[in-house]
């Protein structure tokens with residue numbers, strides 16, 4: 001069971017990351033990540049929707065007829081998004097004004113409907129909640145990384161206006177990375193989003209291509225340690241020769 005939960009976490013955070021792994025939700029990723037603060041706010045809102053929709057759909061999976069499951073999933077997701085939208089408007093009004101229409105457009109996010117269809121409709125509530133949480137955290141991390149890179153290169157700040165958008169308790173996050181920075185306009189415009197997201201895609205592919213080699217080296221080192229402890233192999237000196 002712990003291994004399956006670990007796989008759910010690994011899929012959400014890395015292997016099937018909504019942005020870098022599945023290349024979904026690119027519209028909000030490119031549009032609202034001009035700052036890390038906006039990315040964090042959008043990511044947290046999407047995480048709440050993912051968790052709640054997965055839990056509700058998993059709990060109702062045996063009562064929803066297969067023929068109408070997609071419309072039913074969309075209605076459930078739309079209801080949850082409406083609640084989140086109203087909550088943001090009530091308690092984080094400044095952030096709601098910045099994110100604007102993209103909160104309502106969470107309903108059309110393919111990743112949320114995809115997790116409902118591929119996971120929540122087939123597995124239990126606990127596993128579905130974990131899947132929603134991990135997918136949401138992975139999505140939030142991707143948005144924050146994209147937003148941070150664009151904000152640092154574009155305006156020389158990090159988490160600017162966090163206290164205004166997220167509340168006064170987040171004032172400690174506001175950083176001025178480059179004082180008197182003239183700015184790099186293209187990075188806070190949509191073309192900058194394409195450049196940063198494309199770079200993250202390439203970086204993930206490079207890391208994934210190296211993973212089999214790294215895992216093989218780790219496995220070989222563990223095997224050698226076992227055999228050395230058992231006396232089958234002699235320990236090696238620093239020069240690489242056997243003692």
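Backbone N, Cα and C define each Cβ position, glycine as well.
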So which range, 152-172, 215-235, gets flagged transmembrane segment in Swiss-Prot?
-> 152-172
Candidate ranges 19-39, 40-60 [criterion: Swiss-Prot lists as transmembrane segment] | 40-60
Taking contact to mean three or more C-beta pairs under 8 angstroms, with sequence separation of 6 or more, is the transmembrane segment (94-114) in contact with the transmembrane segment (183-203)?
-> no
